[in-house]
Amino acid sequence: MAAVAAFPAVRLSLGRRRCLRCGPGPRPVPAGGAAPRPCSTQAAPQGINKPIIDRIIRVDHAGEYGANRIYAGQMAVLGRSSVGPVIQQMWNQEKVHLKKFNELMVAYRVRPTVLLPFWNVAGFVLGAGSALLGKKGAMACTVAVEESISDHYNNQIRTLMEEDPEKYKELLQVIKQFRDDEREHHDIGIEHDAEATPAYSVLKTAIQLGCKAAIFLSERI
């Protein structure tokens, strides 16, 4: 846990009092190991496929948590550069995503992945490391990560549509909106010369392999 405390965290407040309706179930773990946040008042639909929904919400929470740490690392290096406002804009959207998945974890009573402390450090290191390559390197990282996440969201949308699109209507709307945001971030990275990064294809492939491994692990543990 000392490694987690060594890095700044994204602090998201959902209010001060816990909703009594949520009972003693699992509560989402916010960034940086802070105390769990109060819950959402949203209620999960009845008769859901719990294993599938648990897996979807757990991995999406982990992904948005990791994305926040990546942008935090990039801002630590490039925050005062000309590209700083662009990175900050994308980070702000990721904060909204993470806040929503914090709420969904409580509403659906889903535990977070045990790997959050690792993603905390790994995400920051990836963000800062790519930013040390310069603006193009940071944007190449953004393109690789956001492409992986948007593809993953598309897979989840197909799964929920096959299950019951009406029952999972609200969750589908959330995932579709966030997928569109990730696509926008991907396009911003392309517009800011991501593909001009030296060894772009190698860097992109390596990052996306890491993303696939992170998705696989976070769904399961």
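Backbone N, Cα and C atoms are what each Cβ position is placed from, and that goes for glycine too.
TrEMBL annotations:
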- Glu64, Glu94, His97, Glu182: Fe cation 1 binding site (BINDING)
- Glu94, Glu146, Glu182, His185: Fe cation 2 binding site (BINDING)
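Cα of Glu182 (Fe cation 1 binding site) to Cα of Glu146 (Fe cation 2 binding site): a span of 5 Å. Listed in chain order, the extra residues whose Cβ falls within 8 Å of the Cβ center of the Fe cation 1 site residues Glu64, Glu94, His97, Glu182 are Gly63, Ala67, Asn68, Gln93, Val96, Leu98, Ile149, Phe178, Asp181.
Between the CA atoms of His185 (Fe cation 2 binding site) and Glu64 (Fe cation 1 binding site) there is a gap of 13 Å. The Cβ of His97 (Fe cation 1 binding site) has 22 neighbouring Cβ atoms from other residues within 10 Å, across all protein chains displayed. Taking a C-beta cut-off of under 8 Å and a sequence gap of six or more, Glu146 (Fe cation 2 binding site) has these contacts in its own chain: Glu182, Arg183, His185, His186, Gly189.
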